[in-house]
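As annotated by TrEMBL, domain 'Hcy-binding' applies to 1-307. If you look up TrEMBL, you'll see 1-27 marked as region 'Disordered'. According to TrEMBL, the Zn(2+) binding site annotation covers Cys228, Cys292, Cys293.
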Amino acid sequence: MAAPANSGAPVRVLDGSTGSQLSDRGLIPPKDPLWSARVLVTNLPAIVEVHKSYIRSGADVVTTCSYQANVDNLQSHLGIGASEAETLIARSCEAAIAAREQCGRPGVLVAGSVGPYGAAQADLSEYTGAYAAVKSVEELMEWHRPRVRCLIAAGCDVLAFETIPAEREALALVRLLREFPDTRAWLSFSTSRDAPHCTAKGEPLAEVMNECLLADVNGQIFAVGVNCCPPQSVAVAFRSTGPLRVPFVAYPNSGEMYTTSGWVPDDRLARNPLAAYVPEWIDLNARWIGGCCRTGPDDISGVARVVSNLAAA
């Protein structure tokens, strides 16, 4: 097997879930279609505090609270105009920048979260990608464009195209990125629970990732990977693709399973916390590692500790 691309690059620690932390504080109403984006309106200081908690836990990257903050979604659920919606999206970036400044860590990167079309439908379709069968690449580009433009203008260092369930939407984002040639992004997929080597829509990750990297003609995608999946699925996904020209990004959920009744605990969490998986992911050329749903500052502290220890070895 060929040596993986960027195998000598340092590992960057991502943050964990912002939404879970805000929910634990009682700031997100049950089944709110805006989810964490609601807090951009109701309690911006709380978002800043969540970002600060991750930076203090060792995160090198904090992700904006904009996963579901698409312009159309904000207009629909808040009854506001497009310009007001764009102001809220910019506010998500400003909150992350404020946290970085207040923690005195200027090297921390702010990643602008760009969630999938399905996340704004509040029907869990980000975990099926069913809409990709009826939405064209051009339609998806048009839908994503305003938020991408706002996050870049507000000062995000990079973009996080995350929880993408289908190749069509991923290609739409890669094509859209060309319109902003000075911007770089990572591209992360949601995977099939029963087949972690496939996207949530059931497409082989190896084919999808390679197609997306071929479409990235300007080299703006600096990592590809998976998120919002069980931690034990990450290595399966990465082994299925073989070496790529960019490193992997990995930020799975805590390991609990989400059902219509809520999160169901998994006793494997006690035996294998998130940090326990990190050495294997690094061996597979993951260079951007953090957590997604139900992960918090303690999880990120554990990841940062493992990364630091491995770097010093």
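Just so it is clear, glycine is given a Cβ too, placed from its N, Cα and C backbone atoms.
Everything TrEMBL records as a feature, shown here on the structure.
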residue: Cys228; record: Zn(2+) binding site; Cβ within 10 Å: 24
residue: Cys292; record: Zn(2+) binding site; Cβ within 10 Å: 27
residue: Cys293; record: Zn(2+) binding site; Cβ within 10 Å: 21
Helix, strand or coil at Cys293 (Zn(2+) binding site) [DSSP, three-state]: coil
Shell list (Zn(2+); ref centroid = CB of Cys228, Cys292, Cys293; cutoff 8 A): Ser17, Thr163, Asn227, Cys229, Tyr251, Pro252, Asn253, Gly291, Arg294, Thr295
